[in-house]
Structures are given as structure tokens and as C-alpha cells.
């Protein structure tokens, strides 16, 4: 079965992609009759060296994303994973020569088709009297023994674009640029890993992987790698990659050792999430610095992809200060990252958080008995939420993410850990404030924010008094804050529905009289739980569920169910203690 792609046609997808890039970038223009993109200011290059690169499409943003001042002059693109036509390469060489450039350097990845086609175009151009040189980049560190075809050209090619571009912008001649980038190309290596393959438009995936396998040392055309290893943590996979790349017994290794200075590239092969990319980058930095390697610059993003392949490649380039200045040189290329020109290693990566303000004395602080009662209440709430994790997750799946139970369990475990560390504050106001901060930090998601808002606001009326009227006012304040910032109202199918129903029952506490808790408990719980159950017949008016068709929402809202369960746990403990 072929994979789905958002294209107009399989045959025209490479042309359409290049046209889209040029349409949105005024600094680029197409060469009529060819799949070639050039700088739109070619006339400004008179007397300088032109830089041309390219290859098959499907590696975006490479290579056309790196056209610009300080990088490439132009790019010749082939069909997906197919070398560009000789005629188009020659047309690009002629175009930059006619603009008054003093020579052209072809930067070519080491693949047979690219070498042949760029090489043939070079020979034809030279026969016409155009000075043209060619550098073939092979930075693949996958193979431990030398292959006749040499090392494949991978993401390190982009660094060659950058170095050559900086030299050309500085007015360096063709021969010197060729010699210098040839040296640089030998001082780097790249290794890729992927969780699965990719698929050319109109075709099936290029290879199959088991659910517990990853492919190591693969190229950028969907071809299989050199080794399949078992799925592991990001740290373990990164360690495997970097150990392989720097192993001196590997003929294609990068000779990195303690004290070396490197540029690190963490390259998304197309389908990896940026969350995963950040985790990989962190693992790579920690691994290298743990070996005493200085990371002069770290470039993280998508530089050379393989369509939608969910994988990553790591590139290491050994650098000194002169080379680093070329990496840092200004460029207008759209796909080059605008990173700070400072070393990654040795930089302070965190700063102390502001100190919490001292707590004001609380006149409502109660005795030890009340504190123990609060512990029992919180313990029951935690046990209740942990027991509901699977049920709440199941209810939440209708809204898309299915993590309501997990979120509430995370809150419960955070509270349990907090209770083990120290007894809770005796003051109700301070207790609610502390719980608010804890949930905001540990619970996460909109639920954590809403509970945090509720508890922060509810704490305010309890600073002066803790009688029944104050607790009713606290409930009102919490509900008001949730409505103000959460933009929810009763009837919107949220946790507010359960809490609102309970709040209406608590209005009776504002009237003078005896302890009404035993009388209220049954009615309060019945109303709160009925309100939670009623949410299954409501159309969501707030929260993530509001974006889901009401036809799919035929179960109670998980937040409302959780809130009702919390109320039951609280009131049952208080009633059992005779509060």
C-alpha cells in the first residue's frame, strides 16, 4: 500500500516544491526551463566565485533552503531521490558565468548519479572555457571498513555549503576555496538512525522495521542501514551513535578526543517530533561534554531530510577558531539557523529561581488535631484519584488525548510525596496555597492550572476566618476564578459543573446555625455526582473537548467525574471524623 502524500501529482511534486519555495522567497528565482533555483541578485556576484549544489528532491530544506548571501548561489534539483539532469546543471553553470562570476565550485554529495551528472556538466562547461571545480563530500561514518564507492554524502554537506559560502563572500578565489573545503570535508562525520523508513510519493515504504527495532547507519534515500539494534532510550541510542562515530577502529571515524572542539549538528531526518529532537540534542551534548569534548556550536533542526523518515542524524565537525569564524559568518539563507556565536560548552545553563516571599503570620492557624485531619483527607483524595486513573483516561479518550487520569494520578503522587516530607500547614489558607503551588508545578496541563486557580482564590477568604461561612465563601471565590480565567460556565461540560453544584449546596453554610455538614453531605454529593453524570448530555463549551463533535461525546466529562470523586473523598473523611 502506498503512503499518503499532500502532492498535486507524483510526477510534478519536485517542480511544485521548488516553485513554492521561490514563490515565498523574493531573494530566489527559477531558471526557466530547468529545475534550478538561483539567487535573484546574481549581478551582485560579479568578480566572485559562484557555488552550486543540488541532488535529488526529498531532502528539503537541502539544498535550495541554503541559497543566499554567504552560502549557495544556486541549486539544481532532480526528481525525488534522483540526480539532477546534466543539462540543468550545465544551464546553471552558464547562468552564473554570464552574471560575471570568476568561477564556479560544484559541491556534490558522494552518490554515483550525482558524481556522474555534475562531473559531466563540469567537463562540458570547462570545454566552453568556464572555470569550474568540483568537491565531492562523503561524511558518512556508518561503515567500519573502506568501501570502493567511498563514504556517502550526508548532512555534513550543509556545513561545506556554509564554509564555502563564507569564503566566497569574502572574495577568496576558486582554487583556494576548493582546497580549503576539501580539507574541512575530511574532518567531519555523520551517522543516522531511524525508527522506520520513508516512502517516495506513489510508492510503498522502502524497508520494514519491527516495533522493537531501529535502523542505524542509514542513508538519506530510504535505503536500509548497516545495523539494526533493539529500541532503547534516547541516551542509549545517542551513546551508541557517538561511540561508533568516534571509534578509532572505524575507518570512517571522526578523530574526536578529550579537548577537541567540534560543531555538533542534530538533524531531523524529516518525521521526528521536535520534542524528540530536543531530547536527542541534550543527550548528545551531555555525552560529548562527558568525554571532555568542547562543543563550540550546536545546530539543531531540519537541515537534510529523507522525506518523512522519523529519525535523526548527528554530525561532528572538528573546528579551530578560523574555521569557526566561517561557520559564524552572516548568511541570508532561509534554512540556516540564527544561533548565538558563543560556545555551548562552558556556558551557564540555569539561574537560581527567585526566592519565595516569606509567609505572613496567619491568625487562623489551627492545632495539631486539625492538621492530622487534613492529612487523612488528602490521603483519601490521593487514593481515590489513583484508583480512578484508568477510568478517567478512558473517558478522556473521546476528547483526543486520553490523559485526564494520568494527570490526576500525577497530582496524587505529588501530594503523597509532599505529605511524607513534612506535615501540611495547620492554617487552611496556607494549606490551600501550598497545594495550589504543588499542583501548578507537578500536575501540569490545564487541569493543574484550573485547580491551582481554584485553590489560590479559595485561600483568600480563609485568611481571616475558618467558620462555615468562610468555607462557603472560599468555594465561591474558587469557582469565580475558574470561570474568569478558564472561560467556562456551568453547563459547558467541564469540572466546573460538579464543583458548581456543590457550591450551590454550600450556600446554606452562610446562614447562622448549627454544624450543617452531616445534613449537607448527602445532598451535596448527590448533586455533584448528578452534575458530573449530566455532562454526558451536554455540548462542550470550553476546554479541548469543545473542538470535538458532540456526537462523539457520549460519556461524562472526566474532569467533572474527578471533581465529584474528590468532593466525596473529602466529605466522607470529615463526616467519619465527626467534623
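Easy rule for this one: first residue shown is 1, then count along the chain.
Backbone N, Cα and C atoms are what each Cβ position is placed from, and that goes for glycine too.
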Need the matching range: Swiss-Prot marks region 'Disordered' on one of 300-322, 323-345, 346-368, 369-391, and I'd like to know which.
346-368
Lowest local Cβ density among 56, 58, 486, 558, which the record lists as binding-site residues, within 10 Å:
486
If I take the alpha carbons of residue 495 (ATP binding site) and residue 57 (dihydroxyacetone binding site), what is the distance between them in whole Å?
50
Do you know which of the binding-site residues 114, 401, 403 has the most other C-beta atoms within 10 angstroms of its C-beta?
114
Other than its own, how many Cβ atoms are within 10 Å of the Cβ belonging to residue 495 (ATP binding site)?
28
Residues 401, 402, 403, 404, 446, 447, 486, 494, 495, 557, 558, 559 binding ATP per the record - widest CA separation, whole Å
20
Counting only other Cβ atoms and using a 10 Å cut-off, which of the recorded positions 59, 109, 221 scores lowest?
221
Could you tally the C-beta atoms, other than its own, that fall within 10 angstroms of the C-beta of residue 446 (ATP binding site)?
16
State the three-class DSSP label for residue 486 (ATP binding site), counting H, G and I as helix, E and B as strand, and everything else as coil.
helix
